[in-house]
Amino acid sequence: MSVFPKISLRLEVENYLKAGFMNKEVVSALGKQEAERKFEALLRRLSHPPSFTTVRVNTHLASVQHVKNLLFDELQKFNGLSFPVLQHPELQDVLLIPVIGPRKNIKQQHCEVVVGAQCGSAVLRGAHVYVPGIVSASKFMKAGDVVSIYSDIKGKCKKGAKEFDGTKIFLGNGISELSRREIFSGLPELKGIGVRMTEPVYLSPSFDNVLPSYLFLQNLPSAVVAHVLNPQPGERILDLCAAPGGKTTHIAALMQDQGEVIALDKISNKVEKIKQNALLLGLNSIRAFCFDGTKALKLDVVKDTEGEPPFLPESFDRILLDAPCSGMGQRPNMACTWTLKEVTSYLPLQRKLFTVAVQLLKPGGVLVYSTCTITLAENEEQVAWALRTFPCLQLQHQEPHVGGEGMMGAGLSLEQLKQLQRFDPSVVRSQNTDMDSLRDARIEDMVWLANKDCIGFFIAKFIKCKSTQEKDP
């Protein structure tokens with residue numbers, strides 16, 4: 001029995017997604033009933049957190065085994081429980097920590113705190129409640145009170161309300177660090193913990209300040225991306241849409257911090273975050289610039305920018321395009337208020353960025369395209385467009401390949417679909433995880449679950465077979 005309802009979407013968006021997931025090719029292969037079941041299962045899974053928290057070890061500073069031992073000791077301090085820590089067999093620098101839940105016997109309190117949907121999603125993945133995320137609190141709430149936390153999934157609660165009877169989802173109980181009066185005092189410096197979670201519906205360790213130089217909290221498919229890119233020491237690599245720097249720093253670590261990793265993002269505070277992460281992880285090969293990736297190709301070859309953007313054509317060995325997207329694969333996500341226009345607005349931007357990436361890539365170079373969304377249009381259809389538009393590109397098999405194959409419906413061959421990776425949480429049925437079931441579970445079954453029950457994600461890998469500068473005879 002699912003503890004949360006399926007993700008709430010505008011009807012136009014749900015119909016758009018359904019048209020992609022129940023296209024003629026899929027229905028022909030699976031049958032209409034099975035295709036419908038898979039789509040409904042996907043909408044249900046999106047509202048729940050993944051079954052595992054995944055963290056990437058910064059192998060530039062320490063061995064995986066050393067960090068694994070340190071992390072195991074840290075986790076013993078959490079709720080008095082002994083969480084297993086698994087090393088992923090195919091992603092050697094990734095550690096897996098099971099999420100316990102959903103827990104259904106938590107007594108709801110009279111004193112309530114309502115948080116925004118984004119804050120609620122963070123709580124479901126192990127975070128405490130921070131003051132900026134609090135929307136409402138009961139009238140007489142004092143510091144030290146035991147309170148129940150609810151997520152306002154439709155954004156209807158007014159800031160500062162004393163009660164809220166709209167659609168809200170129970171997230172668990174905690175202890176208030178501040179009174180209602182302090183929380184809504186209007187002081188901008190109040191940004192710390194407002195409620196410390198003690199009985200969350202989903203029990204997952206908080207990684208706030210846990211081994212910060214050794215660990216990077218990262219969704220499993222996001223950690224797959226850099227391995228698929230397979231950067232080598234001494235290469236020049238471009239991360240075209242890099243913030244907040246998880247994949248950038250992973251690339252640098254896999255290169256043993258030897259070579260050059262250029263990271264671009266057009267929002268300055270996000271670029272600062274990339275620089276902070278590189279500094280924290282001790283990585284010196286990263287150069288981050290505040291720059292629009294769609295303008296990263298240098299058209300004026302006379303002017304020398306000394307290694308800063310824009311760049312000369314065919315000047316990078318490998319390029320990662322983790323493209324801006326509709327983000328429909330993020331979990332947990334109990335409600336999305338986006339219009340169809342907003343969901344589909346990323347397609348032209350993705351193609352602009354892809355075109356720049358192809359021109360900046362050296363012949364023989366590798367281009368990896370990824371998104372954290374589930375739509376056919378932003379994934380397989382973009383791959384089909386790229387292969388039609390750029391004859392110099394060929395799809396490549398991916399290593400490691402821990403996700404599923406690509407989805408039918410974009411006109412790609414079965415062989416081409418096998419070369420893609422689509423992470424689709426609908427393949428996993430809802431289940432309860434408790435400490436007893438973890439003790440009885442086989443490691444290979446737990447790794448399988450971690451590979452499948454993650455965020456929705458997509459990866460394609462291309463090789464550039466010949467120069468785009470060459471003129472065909």
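Heads up, the Cβ atoms here are built off N, Cα and C, so glycines get one too.
Automatic, uncurated: that is what TrEMBL annotation is.
Residues or ranges marked as domain 'SAM-dependent MTase RsmB/NOP-type' in TrEMBL: 140-465.
The Cβ of CYS241 (S-adenosyl-L-methionine binding site) lies under 8 Å from the Cβ of LEU264, ASP265, GLY293, LEU321, ASP322, ALA323, PRO324, LEU353, each on the same chain and at least six residues away in sequence. Here TrEMBL flags CYS241, ALA242, ALA243, PRO244, GLY245, GLY246, LYS247, ASP265, ASP292, ASP322 as S-adenosyl-L-methionine binding site.
Around CYS372 (active site, nucleophile), taking its Cβ as the centre, 22 other Cβ atoms fall within 10 Å, counting all chains. TrEMBL lists CYS372 with the feature active site, nucleophile.
It is 13 Å from the Cα atom of LYS247 (S-adenosyl-L-methionine binding site) to that of CYS372 (active site, nucleophile). Sparsest Cβ environment among the binding-site residues ALA243, GLY245, LYS247 (other Cβ atoms counted within 10 Å): ALA243. Here the Cβ of ASP292 (S-adenosyl-L-methionine binding site) has 15 other Cβ atoms within 10 Å, regardless of which shown protein chain they belong to.
Calculated from their C-alpha atoms, the gap between ALA243 (S-adenosyl-L-methionine binding site) and CYS372 (active site, nucleophile) amounts to 14 Å.
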